[in-house]
Amino acid sequence: MELKKDKLVRFYSDGKRHKETPWGKNDPSFLEKSSSGYKISFSSVLKPEMGMDGGRNRLPEMGKIGRSKVLPQDNALWYKKILDPGSDIVLQWNWVFIISCLVALFIDPLYFYLPAVGGDAKTSCVKTDTNLRIVVTCFRTVADIFYLLHIIIKFRTGYVAPNSSTRVFGRGELVMDPKKIARRYLRSDFFIDFIATLPLPQIVIWFIIPATRSPRTDHKNNALALIVLIQYIPRLYLIFPLSSQIIKATGVVTKTAWAGAAYNLLLYMLASHVVGAAWYVLSVDRYTSCWKKICKKEFPPHRCNLSYLDCDTFGRSDRNTWAKVTDVFKQCDPNNDIDFQYGIFESAVKKNVVKKGFLEKYFYCLWWGLQQL
């Protein structure tokens with residue numbers, strides 16, 4: 001509406017008499033005094049009685065468009081709050097957990113490097129790298145804590161009811177009941193998460209193997225490799241649903257093409273790492289299998305004892321006497337003309353990879369794994 005010039009009135013704070021406005025007399029309830037004059041206060045315009053339908057109680061409802069219905073939890077304690085699966089904190093945790101999963105998948109195959117071949121130039125024996133066992137166990141335990149935290153968070157994360165009758169733009173009602181969340185989680189992914197969290201390699205390395213070890217124990221590493229690989233499968237599986245959740249929330253796993261290339265290259269290097277580590281532990285097992293085969297064929301007076309193949313007996317007098325007359329290690333040397341076939345493990349034995357330090361044998365096995373892939 002266009003106003004005429006003779007109807008416009010300027011306000012002053014000098015106490016002069018003011019003319020009436022086109023809307024009637026000056027109403028002091030609609031004016032607010034300031035240093036520069038008078039301003040109209042709009043606080044009263046927002047009151048419910050000013051004609052807005054619903055008043056201020058209707059304004060917050062506009063923010064509900066496109067979101068699930070969430071119950072207020074402001075007064076609940078932090079450990080009793082239920083998380084929204086689409087919230088930023090859940091998305092950030094998924095990123096942290098997927099990185100911890102990749103680190104855990106790198107740590108587990110390091111257990112395959114625990115068996116090593118020691119001894120001197122004439123005789124050899126099999127041993128366990130104690131320093132590496134301690135370091136790997138510490139890192140593995142830290143990784144297990146992240147898996148345990150992931151289980152706790154999933155017990156406190158709500159879910160969208162699939163058969164919800166209340167739907168807003170394709171999204172259903174968010175279930176916040178802890179009992180329903182726990183019941184749904186226990187019937188879906190809890191078993192896989194629980195298997196991935198168990199510290200099975202630590203139990204085998206520190207408790208089961210020392211308890212079952214005897215002077216005549218066979219030096220086999222197949223049990224350790226089998227335990228690690230069985231738990232490796234559920235840990236690898238957890239990466240795929242995590243990636244799907246991140247893609248649903250953000251659209252992509254990585255924000256840049258270089259980050260995506262680095263992520264795929266990391267997965268490729270991880271695969272070669274697993275293949276190389278498995279090849280190494282089987283190479284040690286194949287090498288000691290030759291020792292045991294020749295050892296069982298020796299006859300008195302210097303009969304071979306399987307305990308002599310353990311480095312714990314390396315300084316004993318009877319072992320030293322046997323080492324001077326035995327042909328076990330000569331008949332198992334791949335550089336000589338022998339009947340025993342090493343197959344794909346020949347390079348590990350011929351190049352003394354099984355006797356090298358950790359870094360040398362690790363990079364050699366990683367290179368071998370890349371070759372195979």
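Residue numbers in this text run from 1 along the chain shown.
For all residues, glycine too, the Cβ spot is worked out from N, Cα and C.
TrEMBL entries are annotated by machine, without manual review.
The annotation transmembrane segment is assigned in TrEMBL to 90-114, 190-209, 221-240, 261-282. Annotation comment: TrEMBL describes 93-371 as domain 'Ion transport'.
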Query - Residues of the parent chain within Cβ reach of the transmembrane segment (90-114), under 8 Å, 6 or more residues beyond its termini - result: 83-84, 128-129, 132-133, 136, 139-140, 143-144, 146-147, 149-150, 153, 157, 201, 205, 221, 224-225, 228, 231-232, 235-236, 238-239, 242-243, 245-246, 249-250, 266, 270, 273-274, 277-278, 280-281, 358, 361-362
Query raised in the report: What else in the chain is close to the transmembrane segment (221-240), if you only count residues 6 or more beyond its ends and a Cβ gap under 8 Å?
Result: 98, 101-102, 104-105, 108-109, 111-112, 114-115, 147, 192-193, 195-196, 198, 200-201, 204-205, 209, 274, 278, 281-282, 284-285
Query - Long-range neighbours of the transmembrane segment (261-282), counting only residues six or more past its ends (CB under 8 A) - result: 102, 105-106, 109-110, 112-113, 115, 221, 224-225, 229, 232, 253-254, 344-345, 348, 353-354, 361-362, 364-370, 372-373
